Amino acid sequence: MAMPQNSTGENGFCFAQTLDLSCPSLPPGEAGWTFTAPSGREPSGTPLSNGTASSSVPSPSDSCAEPLCSATPPEEGTQFGQGIKYVSAEGEELACGWGGFTPGCLQLFNTSKGVLFFLCVASFLQGMTVNGFINTVITSIERRFDLRSYQSGLIASSYDIAACVCLTFVSYFGGNGHKPRWLGWGVLVMGLGSLLFALPHFTTGRYEARSAAEVGVCGGNQSLPCAQAASSLSSYRFVFMLGQFLHGMGATPLYTLGVTYLDENVKTNYSPVYIAVFYTAAILGPAAGYLVGGMFLNIYTEIGREVDIAPENTLWVGAWWIGFLGAGAASLLISIPILGYPQRLPGSQRYIVMRVSEAHQLKDGSHKKASDPDFGKTVKDLPRSVLLLLKNPTFIFLCLAGATEATLIAGMSTFGPKFLESQFSLSASEAATFFGYLVVPAGGGGTFLGGFLVNKFKLRCSGIIKLCLLCTVSSLLAIFIFFIHCPNMPMAGVTQMYEGSALPGGRLNLTAACNAECGCLQETYSPVCGSDDVMYYSPCHAGCQGVSENLRNGKKVYQECSCIEKPLLPGPGDAEAGKCTSSCAKKPLLLFFMFVVILFTFLSSIPALTATLRCVSDRQRSFALGIQWIVVRTLGGIPGPIAFGSMIDKSCLLWQDQCGEQGSCYIYQNSAMSRYTLVAGLVYKVLGTTFFIVACLLYKPPPEESAPGSSDASENGNCDAQEHKPSLPAEEDI
């Protein structure tokens, strides 16, 4: 990090006039620079207090006569010149290390770029584990430990429950404490959660795949045991829930204290870019989790043991636990350097001095309470701190807008693959891959671009909110693409009768004369595509008598299917395993506008976060982020998938039959699914637009005359408009 130097290349500053660093944005008693004279005399300057330079400099001539730091060259291997020592007003140590162990090589990482790197690795690991591995392996865990869907749902929601429980405590006390220590311990707890999540694999016996008789073809053994005794393995769900709870606890400091720590230690204009890079890593994490987790699921869970079943078999359980072991070990390692960072980075104090407050001004002036250096250090100030945030309408409406966007993002990430699967007649893995190709460039690119735009145009708080409004309106217009849809592939007994005639709405008749003697079970859903381009519920429902030894396009081929007629020749046709391929002409248009919706939704995320940091006082930023995360999770992240799921379930044509009980949906009506998705998207986008408009209208910035640095120059990081002040060096942190 560049240190202050004058234009003559000397080590000491020499000014023609007394240096005036007047900056009202500096809170009273905030830590300032101490310039230590090596000669043993009194310091030439005392710490800044209340935003003004001390009068210990007797006169301009004296300050010129004696340099503020010695001309001694810096010692080899040290970061700064020997004569200049950066400490805070409280005398805290700014070196990177653990206790008294602060080797010189570590100081290379004691920069904002170093912090950004380690926090990006931590957020990448969190996204890969919680949003990648968990979603990828949940089906395998259900199969391995005999869990029901609602039990696996509890496992997933344990993360959000832990985050909501810990957010207030962590953001309030951590925001006024040593942030890197809170962050480091959080990442360590997250790593322990990952290791605990993998533990059941090692404490249970070997997984024995129950070899079932050949079922599926006409005349085969169709018996399936319905009443299965509850397995004791299902008790392991509590271990998984505890692991997820630790994940939630550990990740809580990451997206509250991590963001404010970055914001405090870089120039105000560069803060959105740093935060955007941090969040982009968090978005790329789930993509890596899906990719790596999918690779591990192709390995049998009992490594080194040969089995006669393929990964496509419903009895297959992949090596779900490997990813959690790797992520847990990596989290433990990355927590060590994070724990070594100081409370403030060397050189960060000048950014605090240069920062211009953009906090929303309350009519009663109570926002000034937060400037008190002793505010927020005890539990007694917690209610007052909450009240100050509740009285800030800009903050409240930004939280509500964030909740609407979070609802869409949560619903989209949960049911986006299902939408593609239904519309384009894809397999689940193909749909997930397709969706990944959409989310990585659109989500990651939008997140980074949002931070870049705020920095490029040097937007103030009101301008940032207007940018969020523009993004929301753009995605609102693009969401009208859901007016169009792809037609359903014809399916015998579901969308049409076996003879080809239309099936009355709401009716389901999977039995016909051609398969009446087969004794097919509705519990065995294994779709096949007939040579007549019609889908059938299973090979049995297509009347297929046998299986070919040869594969076609890598898929199993069923022969002598009495319900399928050959296109040209008389006699029974054949069928391929899997769904029929859709040739929907609207596919490119749908994918393009889905990309646009995702892009503009994520484009507003970093600007909205930056606006939240700007509209509250400096001492409340961590706590404000914690409160915002609670609002976003309780109103958006948790109910989002439930709201979208209930809307989409209304478009179901064919439900799973689990021994007389309704299970999940197999086939959706594409037109109804698009219509309900459009309605849900419009409702939340209109709400988000309204909240951003209200936030923009109610925002009351500080008066210009109260902030000397609120001129155009202050946008570039200059806090003072004095004519004879020394110029700070060019920023080298970005």
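Even glycines carry a Cβ here, placed using N, Cα and C.
Whatever TrEMBL says is automated annotation, not expert-curated.
Feature list (source: TrEMBL):
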type	residues	note
REGION	32-77	region 'Disordered'
COMPBIAS	54-63	compositional bias 'Low complexity'
TRANSMEM	115-134	transmembrane segment
TRANSMEM	154-175	transmembrane segment
TRANSMEM	182-202	transmembrane segment
TRANSMEM	238-262	transmembrane segment
TRANSMEM	274-300	transmembrane segment
TRANSMEM	320-341	transmembrane segment
TRANSMEM	394-414	transmembrane segment
TRANSMEM	434-455	transmembrane segment
TRANSMEM	467-485	transmembrane segment
DOMAIN	508-562	domain 'Kazal-like'
TRANSMEM	589-611	transmembrane segment
TRANSMEM	623-644	transmembrane segment
TRANSMEM	676-699	transmembrane segment
REGION	703-734	region 'Disordered'
Other than its close neighbours in sequence, what residues sit by the transmembrane segment (434-455), given a CB gap under 8 Å and a spacing of at least six beyond its ends?
269-270, 272-277, 279-280, 283-284, 286-287, 290-291, 413, 416-417, 420, 424, 426, 464, 467, 471, 591, 594-596, 598-607, 610
Contact call for the transmembrane segment (238-262) against the transmembrane segment (394-414), three or more Cβ pairs under 8 Å
no
Selection from 115-134, 182-202, 274-300, 676-699, the stretch that has most Cβ pairs under 8 A to the transmembrane segment (467-485)
676-699
Report the listed stretch (182-202, 623-644, 676-699) having the maximum count of Cβ pairs within less than 8 Å of the transmembrane segment (154-175).
623-644
Residues from the same chain, set at least six apart from the ends of the transmembrane segment (182-202), whose C-beta lies under 8 A from its own
119, 122, 125-126, 129, 145, 170, 174, 236, 239-240, 242-247, 249-254, 257-258, 261, 301, 320-322, 324-325, 327-332, 334-336, 338-341
With a cut-off of 8 Å between Cβ atoms, can you find at least three pairs linking the transmembrane segment (320-341) to the transmembrane segment (115-134)? Only pairs 6 or more residues apart in sequence count.
yes
Using a Cβ cut-off under 8 Å, which residues of the same chain at least 6 positions beyond either end of the transmembrane segment (274-300) come close to it?
112, 116, 119-121, 123-129, 131-133, 135-137, 140, 255, 258-259, 262-263, 266, 307, 311, 316-320, 322-323, 429, 432, 436, 439-440, 443-444, 447-452, 602, 605-606, 609-610, 734
Six or more residues out from either end of the transmembrane segment (623-644), which same-chain residues have a Cβ under 8 Å from its Cβ atoms?
157, 160, 163-164, 167-168, 170-172, 175, 252, 255-256, 259-260, 376, 385-386, 389, 395, 398-400, 402-412, 414-415, 609, 612-613, 616, 677, 680
Limited to the domain 'Kazal-like' (508-562), I'd like the whole-number average of pLDDT.
84
